[in-house]
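What TrEMBL records for this protein:
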BINDING   Asn12, Trp13, Lys14, Gly175, Ser214, Gly235, Gly236  substrate binding site
ACT_SITE  His99  active site, electrophile
ACT_SITE  Glu169  active site, proton acceptor
Amino acid sequence: MTPGIRPLVAGNWKMNGIGASLDELRMIGDGFMRGLDAQTEALVCVPATLLSRAAEILSRTPVRAGGEDCHAKESGAHTGDISAEMLRDAGATHVIVGHSERRTDHGEDDATVRAKAEAAWRAGLVAIVCIGETNEQRQAGQTLDVLSRQIEGSVPASATSANTIIAYEPVWAIGTGLTPTADDVASAHAHIRTRLETKLGAGARNMRILYGGSVKPSNAVELLGVDNVDGALVGGASLKAADFLGIAEAYEHL
Ligand SMILES: O=C[C@H](O)COP(=O)(O)O
């Protein structure tokens, strides 16, 4: 946690979820209406096919709906792509850019990710910019260098704490059940904070830095309690309301 920063627990459904899954979303919304929003803000990023229905369901709750990716352009001949403006039109307030699955599956580089973050702002969305090292980079002792390079390349120079959130996701921890130690998370997040301040100035002191990678109710207190961890980006555990709410409940113990 960082003094003065309100945490955010964000879900990322990835390529999961059909109409029936929206029952879980309703339960997430209900859970936050029962008072969880006193401790933390909440967001669930869903597949584009569900976005307008998700936004409608969540509109009566403190939980926001977000997109999982956007094209850098506003419109045009880009079959199968979705612009930030379209996400906004469907009810999104945030969009994830640069998730490692996009970087790997679609060959997205830092310049592409940066352009997508700027597209998000153009549409009035908050960009959640993902960074993180692979296992090979970690084993080679390159974690902090990789994070520096990704911040330099993926985060636009005019990013502010109002329009941008950083998500640190060690690639090897995503969907594996493995997590870094609390000390390793502290070291990565402190490094990210320092690099953001160097690049963006003092305003970066208030920028949220989320941790993502196998967060679940049983490890949430330990991970979310680390210095400079201002919330979580949750994949698998965001598909079940009980698990997502269990993670948010960690803040009742911090
Ligand atoms: O965006 C979310 C992350 O990739 C984490 O996924 P996970 O919680 O299933 O490990």
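Any Cβ shown, glycine's included, is placed from N, Cα and C.
All TrEMBL annotations are machine predictions without curation.
Cβ neighbour count for Trp13 (substrate binding site): 22 (other Cβ atoms within 10 Å of its Cβ, all protein chains included).
For the binding-site residues Gly175, Gly235, Gly236, the greatest number of Cβ atoms within 10 Å around a candidate Cβ is found at Gly235. If you check the recorded positions Trp13, Lys14, His99, Gly175, Gly236 against the residue listed as 'active site, proton acceptor', the ones with a Cα inside 10 Å of its Cα are His99. For the binding-site residues Asn12, Ser214, counting C-beta atoms within 10 A of each C-beta gives the highest total at Asn12.
For the pair Ser214 (substrate binding site) and His99 (active site, electrophile), the C-alpha distance works out to 15 angstrom. The candidate set comprises the recorded positions Lys14, His99, Glu169. Of these, His99 has the most other Cβ atoms within 10 Å. Here the CA atom of Gly175 (substrate binding site) lies 13 Å from the CA atom of the residue listed as 'active site, electrophile'.
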